[in-house]
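The structure appears below as structure tokens.
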């Protein structure tokens, strides 16, 4: 309604009116020596910028009953506005009121500007309302600007409409101010109406401020970079600010490459970039991870003599941090240390860099403590990053202290902080605290809901996750592709294929079934839930595949043990012109490892850098160690580890230790365990794997010694658990679990099955029991393992036509693996087990892993 009215009001001849202001009334002052002396001193102080001396002189004049004329007062007010000395300006206003002078439009406009820039919009509006017929175009421009600059968009637009209705045609300042007020989603349609008037008026081609305001309106109001760029191109006169603004909006709205191209064009056109320009283009470099170009920009910053202040310094810190993923963060820290002083932005940039680079969470927390010691108050972004570091380290006590500080500073209910709190508590299994962090959020958004939904899904509470999903609808939010991806990811984590299928059906109804993000999430969900064929069917139907699509399906076939299909898809991907990334190669090498394809694995490993420019990382070396270990080449695997270009981490040595356990090599196993414990003396996995190795050869004294060391170091082995989804509900089991209402039926069926599979040749592998007890007792321990209980529960409660899908948080026990193979023969059922390492497709007594995992 407003836009139609506005359009009609602006349907005027489009000549720009010229104002003919009346000459100022000089109001000749008393011609006496005292007045002239003080007045001259006042003018001199104003001219040289000594405002404190000027106000002292004015006080002295008033004490003698002398007042300068309006032009002097106006000059004084403008000096206060220009130097942002707003409190002095208010004192000048007080003297003006005492002078009893009749204020003219010039002085009143200066007063409006003074209070508007001071943030006191109410006082500015009061002066404007009192002006009556003294209002001129400058007055209207001042009050529209006042409202626009104080985030009062609606009031600014109304003032603009009132101005037109009062017969004033807007000038460039009015247009620029009201366009700023329309730079949001709610008012963009009004802005587009005003845009038509701007085009007819000619200001778009003659005024830089109007052009910049329009660029911002299109970019910020609707993300319309096409029209924003059209305005930019249409502007015949551009300055450095214009170029920088366009570049910044491109970078912010996901067009980093175009932002860099515009920067190069700006330099070629002879414009000198300033610190804001460099900050923007360096941020674009970070987004694209163009480290070499970022370094060139860094050298240009030095060449132009720009210091590493907060603007450029923070961008460089962020750029090096993002481009040095898995690196030592050396360059980021160097830039940070070279900055002359630090504020919350620079500290947060460095802390965030350490958290995002991976493996530097301890350093991030140390930096946070330094920041607090430096009396720099953290903001919501700082808290968000440091809470992620606490979650990564599983440092719940540290996280709680950070939470307490955030609450004290009133930031715990800010979205990004609350979302990090939700994730941190959920990661520690503290769902009550996680939910509390969600509930205190005053303004919940889709990200908040996605975070808490993921939290419940990870903690096996799919019912609560779906209740929250329905709440999203009730709250009036429109579920996005990311919402569905979040739910699918949660379903995939716990293997809840029934829930995943429900989400898939909802996707079809919502029209997201062709969305690339959700399709990739569906491929991952079906694959991780054990139905890799459904995942492949979805992949085959996709029209637009990206590297994530290909990598997801290759990873799926790799994890399921179908190496031939994984490698065939990899070659098909290369033929389609899509280059692999680090994760793709992890999937390819893992496929070779699972299938024992030694020569094929070496071929792909050696091609990574020469053919594809990918430097092998720790996980790629781990795949090769696993591949060598699978083939029994333990000495060659050790030699390979020692030849690595960097020190092997615990992942490498755990992989090697696992191979030593399979092949019964105690000496090399001890060496691997010692290497793990050198890096982390409190790593329980090393003790457990070594204990398994000793137990398999009956060395019980050594097993007892390991158990003693674990007790002394207060180390606890992660409890094994298995779960299965039946009729859209997840049932979880622990060792010897009797909590299920049907426990008696489960154990009766288990006893019956054990007798049957023993007849088929099953012999319990009691060497895997890490207790020096009687054989019969060892067998009882084995029969109470969680994966056996879950399989039996599935046999009782699922249709014979469907495969049983069981999920386990640790690697499947060797005895359970053997028993389940026999159970598949005894029952004629296909049983799929997903452990922490891979899938086991067990059917008719054989497994896709070929008995190596």
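Keep in mind that glycine also has a Cβ here, set from the backbone N, Cα and C atoms.
Listed by sequence, the residues of this chain that lie at least six past the ends of the repeat 'PPR' (104-134) yet keep a Cβ under 8 A from its Cβ atoms are 21, 24-25, 70, 73-74, 77-78, 80-81, 84, 86, 89-90, 93, 96, 142-143, 145-147, 149-150, 152. Among the features that TrEMBL reports, repeat 'PPR' is placed at 104-134 (among others).
The annotation repeat 'PPR' is assigned in TrEMBL to 136-170 (among others).
Summarising the annotation, TrEMBL assigns repeat 'PPR' to 239-273 (among others). In terms of DSSP secondary structure, the repeat 'PPR' (239-273) contains 26 helix, 0 strand, 9 coil.
When pLDDT is averaged over the repeat 'PPR' (343-378), the result is 90. Annotation source TrEMBL lists repeat 'PPR' at 343-378 (among others).
Per TrEMBL, the feature repeat 'PPR' maps to 445-479 (among others). Under 8 Å from some Cβ of the repeat 'PPR' (445-479) lie the Cβ atoms of residues 415, 418-419, 422-423, 425-427, 429, 431, 434-435, 438, 486-487, 489-491, 493-494, 496, 499, 502, 510, 723, 728-730, 732, all in the same chain and six or more residues away from its ends.
Annotation source TrEMBL lists repeat 'PPR' at 515-545 (among others). Within the chain, the repeat 'PPR' (515-545) has long-range Cβ neighbours (under 8 A, six or more residues past its boundaries) at 481-482, 484-485, 488-489, 491-493, 495-497, 500, 503-504, 507, 552-553, 555-557, 559-560, 562, 576, 578, 803, 805, 832, 834, 839.
The repeat 'PPR' feature in TrEMBL is assigned to 546-580 (among others). Long-range contacts of the repeat 'PPR' (546-580) within the same chain, counting only residues at least 6 positions beyond its ends with a Cβ under 8 Å from a Cβ of the stretch, are 516, 519-520, 523-524, 526-528, 532, 535-536, 539, 586-588, 590-592, 594-595, 597, 600, 612, 614, 838-841, 848-850.
Listed by sequence, the residues of this chain that lie at least six past the ends of the repeat 'PPR' (581-616) yet keep a Cβ under 8 A from its Cβ atoms are 547, 550-551, 554-555, 557-559, 561-564, 566-567, 570, 573, 623-624, 626-628, 630-631, 838, 849-850, 852. Residues or ranges marked as repeat 'PPR' in TrEMBL: 581-616 (among others).
The domain 'DYW' annotation in TrEMBL covers 761-853.
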Sequence-distant residues near the repeat 'PPR' (239-273) by C-beta distance (under 8 Å, 6 or more away from its ends) are 208, 211-212, 215-216, 219-220, 223, 225, 228-229, 232, 280-281, 283-285, 287-288, 290, 293, 300, 304
